[in-house]
């Protein structure tokens, strides 16, 4: 059999890692692409997965009992005649009639084609049974047979279902995520915060003092290099999906990003079945990938306006997320009880966005803040209104972002905590305060809440409005976003602000006794602790930048200090400072000193050309990424996970990221040791 290898590889990529089995049982060849030539002896034999027919969710997914997902059957290469479902069996039982009846019910709804996920091409088959569940634990083999052009094609997926029960031993989970925080950032954060004595660190980060330690792999369904969407949704739903996807899977209707097959997250599951609360606190805009992984079910993380509506569980025609065609999604959706973040541009119309010093607003020009008020939310816009907000009402925080022109973070993301501390008079760069920097730090930055301040308030509100239990996600986003722009000095301040948030979470958990605290990352970036530099020698030009980075015994120890004991170094450029090396990067220049403003490293659309406005006299470091990448990239490194509280021993050892979801559910179910996990699948 001779194959066009280019086409075969393309089809394999479409199929992803689904590992479907395709069996040709007919004799007509018209269903196959013209570039394939089969000989008779391969008919009716098992063939490699080539994207012909597939079942979603992903093969080998482990669900919870009664966890909702969309069971979708589809083919990916058009036939000459309309394909039909010939058979659907689950563990040998015929579900064909039930599937067809459910599809008929969904088609009868307003916008029925969207409810089913029908392809526009009649020669493609695609149908989703919305909000399907397995009601018993165990193993399930799902086999679907499509027929087209007199050929029957079979796809088979195997799933497992994990037993779940509410034991009361864990009724709160705090999941803290340092976005992009590989282990070197933890090391560097510890060095910066505590220094050394007698060759040893004087102290450890709060996250490093937790009782249990694990290692988590992060790759996605379509790449060894993940993004924040698929990694976060793996943690919260237990599903492997493609880069850029939030709680949903790709399908054969790519023109519509809202109708894809979906899966329920653990926060949604716990709220639907047990009345738990959902909350997040993040320095990223609140509909960004990581916070949205608690509540969103869309295949594209870029559907920000629609995600903002799902946060409020608000569906309405004329809005970005309409009501018509999305009854299934509305039944899956759960409102968030506490949402603390910047990103007002995704909640406000053009007439209101200037209040947040932004120029971008909702594409549908609707006002979701008024919708939120109508649903009973308190609204916080700065640290004062945050702290003053009542604890007995759901809370929506929308804070200022880094609205300085040319800032790499942008008006939708909270500024670095270093810049907030400078605005509050608690830190300096080369001894200079907010007004002396170029450009000056706006006075409004002093009123932007830090992540620890948000974390403390989120816990207080959730503990009041959700007495049955709750799940809180706490994210330091700028450990990733500032690393993308290779602003490694500010990145380390972000590690420390996450650690202060972890300390708050741990203190609450230790007093509560029923709270599981987890600290991990969604993925890593390519940083490593490279050595130190003498900042005075650099500023006085007593050293060539090519000789500035000290190695081995010449590196010595950094000289950071925190005289006001607020958890952050007082000066960003101490005499001896840490330097992080960066791989998977575009070209950039560095003088090893902290910049007044975080700028992008390279020019737009060409990662091999440095940004001429950034350290023009700095040392040139060439790109090691493809030229289209203009920011530093993620890596496939495993990431550290720390755990503490009831069920924390479940997280020891090596895990894939989907296992974090499974073990959070196991902890809620009363499991304490890893040896108990197999019994939950029986």
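Each residue, glycine too, has its Cβ placed from N, Cα and C.
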Fill in the blank from the handout: TrEMBL record, transmembrane segment, of the ranges 20-39, 40-59 the matching one is 20-39
Fill in the blank from the handout: With residue 523 (Zn(2+) binding site) as reference and a Cα-Cα limit of 10 Å, the qualifying binding-site residues from 288, 290, 475 are none
Problem - Same-chain residues at least 6 apart in sequence whose Cβ lies under 8 Å from residue 290 (Mg(2+) binding site) - result: 177, 179, 228, 232, 282, 284, 473, 475, 477, 522
Exercise for the section: May I ask which residues of the same chain, at least 6 positions away in sequence, place their Cβ under 8 angstroms from the Cβ of residue 634 (Zn(2+) binding site)? Expected result: 180, 225, 226, 227, 523, 524, 525, 584
Problem - Output field, Zn(2+) shell: CB within 8 Å of site CB centroid, site 179, 480, 484, 522, 523, 634 dropped - result: 180, 181, 227, 228, 231, 479, 483, 521, 524, 525
Exercise for the section: Can you tell which of 484, 523 has the least company, meaning the fewest other C-beta atoms within 10 angstroms of its C-beta, among these binding-site residues? Expected result: 484
Exercise for the section: Would you kindly give the Cα-Cα distance separating residue 288 (Mg(2+) binding site) and residue 480 (Zn(2+) binding site), rounded to the nearest Å? Expected result: 12
Exercise for the section: Any same-chain residues 6+ apart from residue 288 (Mg(2+) binding site) with CB under 8 Å of its CB? Would you list them in sequence order, or say none? Expected result: 228, 282, 301, 341, 343, 477
Handout entry: Cβ atoms near residue 179 (Zn(2+) binding site) (within 10 Å, other residues, all chains)
Key = 28
